[in-house]
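Only one structure is covered here, and it is reproduced in the block below.
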Amino acid sequence: MNSKKKIALVAHDNRKKALISWCEANSEVLSNHSLCGTGTTAKLIKEATGLEVFPYKSGPMGGDQQIGAAIVNEDIDFMIFFWDPLTAQPHDPDVKALLRISVLYDIPIAMNESTAEFLIKSPIMKEQHERHIIDYYQKIRKDNF
């Protein structure tokens, strides 16, 4: 991944205010990267901060899956996902799939403000970084043949 990161910004409804506040506090750093997000979250961040945030669909309308596809296509390097651990979501299976893809493709994920702070302030944010993607095709061949 390049020094200019492609960052996805995602938040469940009860966590949107926290993500917007975090983006406001970190807008200078975020402005140096390409940003995208799920529908409402992207719109609210753009309105609050003036940052350009490419909007995918809303999470329950397929936005989580769109972000997952973008990760697979190497169009997203990094994800800030403030999720609500106390409320069941109608699209929980999509969220689980998004997290699985994020781990599979070795992208950094922050799911709370503390982790987001650690990641965004890391010296690696300004550098190129090599992902360590597990070759599952090799594993499948080895286990089955």
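The backbone N, Cα and C atoms fix where each Cβ goes, glycine too.
Listed in Swiss-Prot for this protein:
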DOMAIN    1-145  domain 'MGS-like'
BINDING   HIS12, LYS16, THR38, GLY39, THR40, THR41, SER58, GLY59, HIS91  substrate binding site
ACT_SITE  ASP64  active site, proton donor/acceptor
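Recorded features from Swiss-Prot, shown on the structure.
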residue: HIS12; record: substrate binding site; Cβ within 10 Å: 20
residue: THR38; record: substrate binding site; Cβ within 10 Å: 27
residue: THR40; record: substrate binding site; Cβ within 10 Å: 16
residue: SER58; record: substrate binding site; Cβ within 10 Å: 16
residue: ASP64; record: active site, proton donor/acceptor; Cβ within 10 Å: 28
residue: HIS91; record: substrate binding site; Cβ within 10 Å: 18
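The binding residues for substrate are recorded as HIS12, LYS16, THR38, GLY39, THR40, THR41, SER58, GLY59, HIS91; their greatest pairwise CA distance is 17 Å. ASP64 (active site, proton donor/acceptor) sits 11 Å from HIS12 (substrate binding site), taking the Cα positions as reference. Following the DSSP three-state reduction, the secondary structure of SER58 (substrate binding site) is coil. Listed in sequence order, the residues VAL10, ALA11, ASP13, GLY37, PRO60, GLY63 complete the 8 Å Cβ shell around the substrate site centroid, once HIS12, LYS16, THR38, GLY39, THR40, THR41, SER58, GLY59, HIS91 themselves are left out.
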